[in-house]
Amino acid sequence: MASQTQRRSQSPDSASHEEEKPAQTPRIDTVSVDSASTDGPQPQLHAKTFLAVLSVCVIYFVQIYNVVGAGALTNTITLSLPPTTTSSVWLATSIAAATAILSPILSQAATVFGRRWFLVVPTLLGAAGSLVIARADSMDMAIAGFAVTGASYAAQPLLHAVSSEVVPRRYRSWGQAADLIANALGGITALLVSGGVVRTANVGDDGWRNFWYVGTGLYGLAGVLCAVLYRPLPREAGGGVGERLGRLDWGGYGLWAAGVLLFCVGLAWGGNPFPWSDPHTSATFAVGVFALVLLAGYEVFGKKDGMFHHGLFGHRNFAIALVCLFCEGVAFFGANSYFAFQVGVLYEADALLVGVRYSVTMFVSIFSAAVAGAYCAATKKVRWIAVTSFLFFVVFFACMASTDLTTNAHTWGYPVFLGIALGLSLVTLITLAQLSTPPELIAITSGLVIGIRSLGGSVGLAIYNALFTGAMSHVGDNIAAAVVPLGLPLSSLGPFIGALTAHDNESLFQIPGVTPQIVGAGADALLATFSTGFKHVWITAACFVAFAAIVAVFIEDPSKEFNMHIDAPLEKDEELYSPRV
């Protein structure tokens, strides 16, 4: 048996006594993708391992259900709640910002204290936040609810860590594929449910609240399942609670949280509601950038074993993965927030059919994720499939940038390219990042991966919002240019623009001088302005993913790291390696 037993890595849930000694800091050996390694003996995984992976997949399911619902129902929520100066972009941005801020923090804490309750508690917070959203009576309350659900996404890196570290490294890509399949199923469910609850509703109705009542139950179920099914082997505690708290990177946490939050707020405020020259925007943005610069100096020169542990950067693959995932975050959050928005505004009045169109992405990503998992496990290579994924992103955004009022049918097919890109990219890039860093730092690795991806999403949403708002600022001039030559009195122009943009059809025809021809011309001008705003979004996203495709070419395939070692097995050695009867 001893000859068959693999060396377990010093992960938080199966750490050795030596690694946990209070007086010592564990030495982290840099992972080299060229290091020699053998596949080792074949372990025999049992139900305990597969049920644990299932439990984290259920959490992933409900997280994506929530974030996709935020994107799909933003406009509906905005019209339902009382008017406010608070931008609706914060519904989705609050989730992205919370994920970016909390992911690296919680991941390092889980490395010191273990995974289990850092998975369960944030998930239950998601249930609380969903209930707040369902009961919201103002936009500020809705944003607060989304911010609370955002805390649940702090556990997302641990979902990727657990699904990888409990199975052989050779099959990590399959673990990531399982996460992405759960991701897709959650997205499909969200799109169909969100479309169903508002399909027959009038503007301002509250049917969207039922979506988050369902989300409350799903979050609660996911938290309970994880508590029951994910039960890692006992670990030896290294020192008291106070000593272990002292190992955490509190200085880095403060600078990271302040920098990311102020940076994102400054970006989101730029152009809406404040101009860039306003101190609300410029000062907030500048302080955020300054905090991030201080963080970089602190992590490079002051804290070598903090949230940006120096052991993570022993090979260029990890840095490449971070850059690519930042760009992937920009791409995903853009598509998630603006594809359904465009379809609903320009092409489709039925909310359910809007969701069905975007669900094509999720259905396709199930198959592309499975293909990526099988390909990486069989070939032990990730580089060209990562490059291919970003090329599919480029194709999708280029196609969307070519759309206008006449390309309705095309938007049924374009999501296929997005689905292929999503499934291929996340499976390969997360697998690459985890295999290019020390196994005992897999939680911190995953935390940075998800944090950087969400930071990309926050930055992307802020940029998109600024571009889209800039395009829509011309809507009044565009409508005026279309309707004044048709005879609309100038005294009626203001009320006409207000009623048209508010979709107030009852008031529209009561305005003096308004005719069906004028209404049609004004509506065409309004939709053309929307189309221009969407084009700006898609072109910007295409630039980011094209850059990522170039960066991905420099990935070095970590073939030697695809072996049969299990870094944090949930089963004892005698269970994993005993002969089958």
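Keep in mind that glycine also has a Cβ here, set from the backbone N, Cα and C atoms.
Taken from TrEMBL, the feature compositional bias 'Polar residues' applies to 1-14.
Per TrEMBL, domain 'Major facilitator superfamily (MFS) profile' is recorded for 52-560.
Residues annotated as region 'Disordered' in TrEMBL: 1-40.
Taken from TrEMBL, the feature transmembrane segment covers 50-68 (among others). Long-range Cβ contacts of the transmembrane segment (50-68) within its own chain (Cβ-Cβ under 8 Å, at least 6 residues beyond either end) map to 92, 95, 119, 123, 126, 130, 149, 152-153, 155-156, 158-159, 162-163, 166-167, 175, 178-179, 181-187, 189-191, 193-194, 215, 218-219, 221-223, 225-226, 228-231, 336, 570.
With a cut-off of 8 Å between Cβ atoms, the residues of this chain six or more beyond the transmembrane segment (88-106) that come close are 66-67, 70-71, 74-75, 77-78, 118, 122, 139, 142-143, 146-147, 149-151, 153-158, 253, 256-257, 260-261, 264, 268, 307, 329, 333, 336-337, 444, 447-448, 450-452, 454-455, 457-458, 461-462, 465. Residues or ranges marked as transmembrane segment by TrEMBL: 88-106 (among others).
Annotated transmembrane segment per TrEMBL: 118-136 (among others), in sequence order.
Residues annotated as transmembrane segment in TrEMBL: 142-159 (among others). Listed as Cβ neighbours of the transmembrane segment (142-159) (distance under 8 Å, sequence separation of 6 or more from its ends, same chain) are residues 56-57, 59-60, 63, 66-67, 70, 77, 81, 86, 90-92, 94-99, 102-107, 110, 115, 118-119, 122-123, 125-126, 128-134, 136, 179, 212, 215, 219, 443, 446-451, 454.
As annotated by TrEMBL, transmembrane segment applies to 180-198 (among others).
Look at TrEMBL and you will find 210-230 (among others) tagged as transmembrane segment.
Positions annotated as transmembrane segment by TrEMBL: 250-270 (among others).
As annotated by TrEMBL, transmembrane segment applies to 282-301 (among others).
The transmembrane segment annotation in TrEMBL covers 313-335 (among others).
The transmembrane segment annotation in TrEMBL covers 355-377 (among others).
According to TrEMBL, the transmembrane segment annotation covers 415-435 (among others). Cβ atoms under 8 Å from those of the transmembrane segment (415-435) belong to residues 31, 33, 160-161, 164, 169, 172-173, 176-177, 179-180, 183-184, 317-318, 320-322, 324-325, 328, 331-332, 335, 339, 357-358, 360-373, 376, 382, 385-386, 388-390, 392-393, 395-396, 399, 442, 445-446, 449, 545, 555, 558, 561-562 of the same chain, restricted to positions at least 6 beyond its ends.
Summarising the annotation, TrEMBL assigns transmembrane segment to 536-555 (among others). Under 8 Å from some Cβ of the transmembrane segment (536-555) lie the Cβ atoms of residues 316-317, 320-321, 323-324, 327-328, 330-331, 334-335, 338, 382-383, 386-387, 390-391, 393-394, 397-398, 400-401, 421, 432, 456, 460, 463-464, 467-468, 470-471, all in the same chain and six or more residues away from its ends.
Counting residues 6+ beyond its ends, the transmembrane segment (355-377) has Cβ neighbours under 8 Å at 72, 170-171, 173-174, 176-178, 180-181, 183-185, 187-188, 190-192, 194-195, 335, 339-340, 343, 348, 385, 389, 411-412, 415-416, 418-424, 426-428, 431, 562 in the same chain. Ranked by the number of CB pairs under 8 Å to the transmembrane segment (282-301), the listed stretches 118-136, 180-198, 250-270, 313-335 are led by 250-270.
Contact check: the transmembrane segment (210-230) against the transmembrane segment (118-136) gives at least three Cβ pairs closer than 8 Å, residues 6 or more apart, which meets the contact criterion. Packing against the transmembrane segment (250-270) from elsewhere in the chain are residues 87, 89-90, 93, 96-97, 100-101, 104-105, 276, 278, 280-282, 284-292, 294-295, 298-299, 302-303, 306-308, 455, 458-459, 461-463, 465-466: each is 6 or more residues past its ends and has a CB under 8 Å from a CB in it.
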